[in-house]
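K.L.:
Sharing a structure, written as structure tokens. Questions coming.
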Amino acid sequence: MYPAHLLVLLAVCVSLLGASDIPPQPLNLYQFSNMIQCANHGRRPTKHYMDYGCYCGKGGSGTPVDELDRCCKIHDDCYGEAEKSQNCAPYWTWYTWKCGSDGPQCDDSETGCQRSVCECDAIAAKCFAKAPYNDANWDIDTETRCQ
């Protein structure tokens, strides 16, 4: 999915939430984006991680191209495990967290699905912050490089 599609989807979802009687809640992808910014101290825009390597962005296959792409594969696998073990929908699960001096920290009151998804996102955000970013691995031809 292209970054523009994600933004349109986010705008539609936020509009629908605002039109309901339920107070709007942040979507998980919005929270994850904020966690990434917390972990990397705003050094790299979140959109740079949306179409990177074989696993950063929608889907994923093949062998990760580098350390950053491995972070995305680990995140994908973590979401998969949360879906199986917690029977939850990670992309739509809301949780409470804060940006601490050591990066994103999940609220201790979170349990179950919320805790699992929050931990997946926090671990990935910290991994992103540590991994080198290689411009050559952004927007690669996944058909040929991710088999």
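Here the Cβ of each residue, glycine as well, is placed from N, Cα and C on the backbone.
Pasting the relevant annotations from Swiss-Prot:
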- 1-19: signal peptide (SIGNAL)
- Cys38-Cys99: disulfide bond (DISULFID)
- Cys54-Cys146: disulfide bond (DISULFID)
- Tyr55, Gly57, Gly59, Asp76: Ca(2+) binding site (BINDING)
- Cys56-Cys72: disulfide bond (DISULFID)
- Cys71-Cys127: disulfide bond (DISULFID)
- His75: active site (ACT_SITE)
- Cys78-Cys120: disulfide bond (DISULFID)
- Cys88-Cys113: disulfide bond (DISULFID)
- Cys106-Cys118: disulfide bond (DISULFID)
- Asp121: active site (ACT_SITE)
K.L.:
Measuring Cα to Cα, tell me the gap between Cys99 (disulfide bond) and Cys106 (disulfide bond) in whole angstrom.
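P.N.:
Roughly 9 Å, rounded to the nearest whole number.
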K.L.:
Would you please pick out, from the disulfide-bonded residues Cys72, Cys118, the one with the fewest other Cβ atoms within 10 Å of its Cβ?
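P.N.:
Selected from the disulfide-bonded residues Cys72, Cys118 on minimum Cβ neighbours within 10 Å: Cys72.
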K.L.:
Radius 10 Å, atoms counted are CB only; among the disulfide-bonded residues Cys56, Cys88, Cys99, Cys146, which position scores highest?
P.N.:
Cys56
K.L.:
Any same-chain residues 6+ apart from Cys38 (disulfide bond) with CB under 8 Å of its CB? Would you list them in sequence order, or say none?
P.N.:
Cys99, Gly103, Pro104, Ala125
K.L.:
What subset of the recorded positions Gly57, Gly59, Cys106, Cys120 lies within 10 angstroms of His75 (active site) at the C-alpha level?
P.N.:
Cys120
K.L.:
May I ask which of the disulfide-bonded residues Cys88, Cys106, Cys113, Cys127 is closest to Cys56 (disulfide bond) if we compare their C-alpha atoms?
P.N.:
Cys127
K.L.:
Relative to the Cα of Cys54 (disulfide bond), which of the recorded positions Cys72, Asp76, Cys78, Cys88, Cys118 have a Cα no more than 10 Å away?
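P.N.:
Correct set: Cys72.
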K.L.:
Other than its own, how many Cβ atoms are within 10 Å of the Cβ belonging to Gly59 (Ca(2+) binding site)?
P.N.:
10
K.L.:
Taking each of the disulfide-bonded residues Cys71, Cys78, Cys120 in turn and counting other Cβ atoms within 10 Å of its Cβ, which one has the fewest?
P.N.:
Cys78
K.L.:
Based on Cα distances to Cys127 (disulfide bond), point out the closest of the recorded positions Cys72, Asp76, Cys146.
P.N.:
Cys72
K.L.:
C-alpha of Cys72 (disulfide bond) to C-alpha of Cys146 (disulfide bond): distance in Å?
P.N.:
14
K.L.:
I'd like to know which of these recorded positions, Asp76, Asp121, is least surrounded, judged by other CB atoms within 10 A.
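P.N.:
So among Asp76, Asp121, the recorded positions given, the one with the fewest Cβ atoms within 10 Å is Asp76.
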